[in-house]
């Protein structure tokens, strides 16, 4: 069964007054993400050992394999974007109590978490992602990954909240101002309820 582009949980215009334009969402979701899905399906058709595997199985099976880097890139980016669309909300920025308590416990304060996340997101050279994760020991942390890599692949922990820092995710709205894009995500777009739902 072929992988498919997931529908957004909101209208393409729903985030416009919160800093992510309809143009950005349509280009990012309908063009960029669709291209990853199409390419991944092409690889699966040509590799019998991938057929019938879940997306997560393909991500973990191909990560770190130089001969399958092309497959991993498409699978990783498909997985990352499925997560990313869920990490956005027209009512973003509101912290549920349970997650706020965890952030205060593990980072010292919500502001300290946001600063750590911003440092990771702005410090990722070139294309990549910033993540709030739950580590294997249960504590929360922040990490960054290049290109299509994600915490599922690296084994660093469970992805709670991911932010795409590839230029196509923000250039229409913020030009080269990645720090402003990150601040806007954390304060106005981040779906912290989704992040909390990923906690174990």
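Glycine is treated like the rest: Cβ placed from N, Cα and C.
These numbers come from a predicted model, not from an experiment.
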Select one of 78, 81: the residue that TrEMBL places in the Mn(2+) site alongside 28, 164, 168. 81
DSSP assigns the residues of the domain 'Manganese/iron superoxide dismutase C-terminal' (98-197) as 53 helix, 22 strand, 25 coil
Relative to the Cβ of residue 168 (Mn(2+) binding site), which residues of the same chain, six or more apart in sequence, are found under 8 Å away? 27, 28, 32
Row residue 81 (Mn(2+) binding site), column other C-beta within 10 angstroms, all chains, value 23
Same-chain shell around Mn(2+) excluding 28, 81, 164, 168, C-beta within 8 angstroms of the CB centroid, reads 29, 32, 33, 84, 166, 169
